[in-house]
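Single-structure report; data block below.
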Amino acid sequence: MWTRYSRTFAVEEINENSSILSNISLGFYILNSYYAARMTYKATLTLLSTQYKFLPNFKCVNQNNLIALIGGCLSEISANVALSTGLKDVCVLFQLTYGSFLPIRNSKTQFPFLFQMVPNENYQHLGVVRLLQHFRWTWIGLVAVNDDKGDRFLQTVVPMLSQNGICSAFIVRIPKWNYVDELIDLIVEQWKSYVIFIEKNANVFFVYGEPPSFQFMRVIFFLAPFLAFPPLDKVWIITSHWDFESLSFQKIWDLQTFHGSLSFTVHSNEPFRFRKYLQTIKPSKVKADGFIQNFWEQAFNCSLKKSEDENVAVKNICTGEEKLENLPGILFEMKMSGHSYNVYNAVYAVAYALHAIYKSRYKHRRIVDEGQLILHNVQSWQMHHFLRSSFFNNTAGDTVQFDENGELVTGFDVTNWLMFPNGSIVRVKVGRLEPQAPEGEELTINPQSVCNDNCYPGYSRKKKEGEEFCCYDCAPCPEGMISGQKDMDACINCQEDQYPSKDQTQCTLRILSYLSYEEALGIILAFLAIWFSVITTLVLGTFIKHKDTPIVKANNRTLTYILLLSLLLCFLCSLLFIGPPGKVICVLRQTVFAIVFSVALSSVLAKTITVILAFMATKPGSRMRKWVGKDLANLIVLFCSFIEANICTLWLVTFPPFPDRDMHSFHGKIILECNVGSATMFYSVLCYMGALAIISFIVAFLARKLPSSFNEAKFITFSMLVFCSVWLTFVPTYLSTKGKYMVAVEIFSILCSSLGLLGCIFLPKCYIIVLRPELNNRERLIRRKK
């Protein structure tokens with residue numbers, strides 16, 4: 001009954017959809033096989049030769065063309081129909097079976113036109129094993145139909161269970177029931193099976209069979225209370241072949257024995273408008289459909305016919321307006337079942353195959369009103385290629401396609417069947433079996449009985465005020481914390497060398513960050529430091545080589561050598577700032593830099609003061625002559641450098657620099673740095689150097705108008721201006737950067753300020769010494785002085 005209306009619904013949808021088969025209408029016949037081979041053959045032959053038509057809602061006179069067969073809930077029926085319609089030289093019809101099909105060797109060759117709207121049943125066997133493992137059920141009873149298919153089932157499943165640590169408590173074979181006259185004999189024979197069910201202490205039964213076998217078991221369980229047999233409170237695991245559809249006389253039979261059963265049903269969805277379609281079914285709208293007339297009378301226990309004899313009263317007259325949704329689920333279910341969904345997809349597969357043929361032929365024929373002409377003479381066998389390559393999305397949003405064996409590519413729903421005393425049935429999807437998933441992950445089970453959804457990783461539980469402790473809200477983890485499991489009571493901190501991932505579900509190792517020789521920035525700065533050191537060495541070599549020339553003598557050779565050596569060390573000390581910081585490196589970085597720079601600045605100051613004193617001493621009667629000489633210059637350099645050295649010593653004694661790790665400035669990184677220790681001492685060092693630079697600038701500025709032949713004051717003034725500008729810019733930049741970029745700023749400042757001193761003071765002299773040697777003589781200098 002359920003599959004019947006899914007077929008009708010699909011046909012009506014397709015006929016109303018002009019984008020699939022324009023100007024073409026699908027029709028169908030429905031015949032009953034009565035679960036018997038001889039009736040199946042008879043029905044098939046009747047279908048192939050019948051002159052009677054059952055085409056609801058439209059008229060076709062001579063345009064009928066039998067294209068496909070859809071049917072075969074049972075494997076035996078499927079095989080019989082396939083044999084009947086696949087004989088060569090007789091007829092070739094392809095068949096889509098929505099139930100099981102008995103695996104036969106060379107079935108692809110023997111039944112080439114058979115398509116199965118269900119996946120291979122071996123997947124269900126795997127699913128049952130995974131289900132038993134999930135619940136740790138290792139002691140089960142096996143019940144199988146007593147035929148070839150049941151034999152094949154046991155040959156496959158028993159070894160599979162043993163290999164996965166699951167034992168079978170017993171094996172019971174149940175018969176197929178085809179006719180009522182055989183029922184009594186079968187019941188007498190099968191009472192022993194019921195006794196086994198009771199006596200064995202297995203609480204889980206894995207049952208394999210088809211609808212006739214289920215009907216037989218229903219009879220056994222219906223009669224059990226009358227024979228004083230206790231009820232069976234077991235967990236039933238059944239395959240997709242079974243359904244709980246009942247005959248009308250069975251609507252009062254109790255199904256509580258199967259309450260809570262778990263079954264693997266072919267994945268199904270609810271097509272749009274299907275429930276509304278069922279609500280429109282009325283006997284008055286389909287008067288030519290005798291099946292609905294009989295079903296209506298049996299289901300509602302009434303009569304649609306009025307007695308011709310007015311004196312004879314007919315009880316329970318049907319109005320025809322009764323509602324199908326009021327029937328118990330065992331008689332009529334308003335939701336689309338797995339078998340119904342298979343039939344629905346089968347109809348659409350045929351329609352899309354016809355649509356593909358239409359598109360293929362339309363490319364070669366241009367005919368007005370070509371739709372009927374192209375498809376009118378289509379033979380069933382011609383659709384084989386198009387059906388095998390079918391790939392489409394149905395109206396429920398699922399993809400429909402076949403594999404190379406003609407089996408539907410899909411998964412199974414794990415369904416929990418709830419049976420209520422009033423005959424209602426509720427199907428609850430509690431899991432999914434995906435055959436294409438990785439090994440061990442094919443089955444997912446998700447039964448829930450909780451106050452609210454789980455708190456997933458990245459969140460922690462927060463108790464709801466005024467609610468039971470089982471009810472809680474989910475609060476996101478605070479910044480810097482994680483939760484790696486469901487329903488954690490509190491988020492946790494990562495270890496120091498780790499940091500939370502973006503979704504705050506796990507901790508990840510931090511990356512060590514420092515200015516290294518392996519990255520572009522470190523390589524460039526190291527190259528500049530070495531290159532400037534080479535230039536300084538060349539300048540020093542040039543001055544030593546030409547030490548006896550007037551221009552070198554005139555500017556105090558000793559101070560010149562001290563200044564050049566200190567500048568060379570300034571360039572080289574910048575290399576201490578590149579690489580991983582260690583304890584010794586951190587101490588040397590700042591102290592060497594401070595002392596060497598103070599020597600350079602002291603030398604510049606001494607040179608400036610020496611120039612001023614030299615010109616003041618040339619004045620008649622000047623008392624400055626006694627101060628002119630090397631001793632004063634050396635004293636200035638020693639005194640000024642000694643002060644900086646004492647500051648650095650005090651710094652090292654009180655709170656020296658040390659290696660440190662910054663975990664917070666950059667996400668996901670550990671910054672290896674040298675902590676300056678005492679910030680006061682660090683800025684004292686910088687301030688002292690700044691004071692030396694400012695004093696040198698002022699003194700040089702005052703001496704800028706002295707005769708140019710001997711005067712370095714102009715160049716020293718400009719060099720001090722560059723020096724002060726660099727270090728005034730350094731302070732805010734240094735404070736606004738972090739990590740290796742802060743170190744790079746300091747290196748850049750050291751290089752720029754040192755280069756400013758080297759270029760401004762010594763470049764003009766090198767120009768005269770190397771390129772204009774004619775200017776480097778005593779006569780020229782004296783002449784310029786005069």
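Think of each number as a place in line: the chain as shown, counted from 1.
Cβ from N, Cα, C; glycine included.
Automated prediction, rather than curation, is the source of TrEMBL annotations.
According to TrEMBL, the domain 'G-protein coupled receptors family 3 profile' annotation covers 521-785.
Look at TrEMBL and you will find 520-540 (among others) tagged as transmembrane segment.
For 561-579 (among others), the entry in TrEMBL reads transmembrane segment. The list of residues near the transmembrane segment (561-579) in space but at least 6 beyond its ends in sequence, with Cβ under 8 angstroms from a Cβ of it, reads 514-517, 522, 525-526, 529-530, 532-533, 536-537, 539-540, 543-544, 585, 588-589, 592-593, 596-597, 599-600, 603-604, 607, 637, 743, 746-747, 750-751, 753-754, 757-758, 761-762.
Within its own chain, the transmembrane segment (591-615) is flanked in space by residues 555-556, 559-560, 562-563, 566-567, 569-570, 573-574, 576, 624, 627-628, 632-634, 636-641, 643-645, 647-648, 651-652, 685, 688-689, 692-693, 695-696, 699-700, 702-703, 706-707, 710-713, 716, 719-720, 723, 750, 753-754, 757, 761, which lie at least six positions past its ends and keep a Cβ under 8 Å from the stretch. Marked as transmembrane segment by TrEMBL: 591-615 (among others).
According to TrEMBL, the feature transmembrane segment maps to 635-653 (among others). If you look at the transmembrane segment (635-653), the same-chain residues 6 or more away from its ends with a CB under 8 A from one of its CBs are 559, 562, 587, 590-591, 594-595, 598-599, 601-603, 605-606, 609, 677-678, 681-682, 684-685, 688-689, 692.
Feature annotation from TrEMBL assigns transmembrane segment to 681-703 (among others).
The transmembrane segment feature in TrEMBL is assigned to 715-735 (among others).
The transmembrane segment feature in TrEMBL is assigned to 747-770 (among others). Only residues 6 or more beyond the boundaries of the transmembrane segment (747-770), in the same chain, are considered here, and those with a CB under 8 A from a CB of the stretch are 515, 525, 528-529, 532, 535-536, 539, 542-543, 546, 549, 551-552, 555, 563-564, 567, 570-571, 573-574, 577-578, 593, 597, 600, 604, 712, 715-716, 718-719, 722-723, 726-727, 729-730, 734, 776.
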For the transmembrane segment (715-735), distant same-chain residues with Cβ under 8 A (at least six beyond the ends): 601, 604, 607-608, 686, 689-690, 693-694, 696-697, 700-701, 704, 742, 745-746, 749, 752-753, 756-757, 759-761, 764
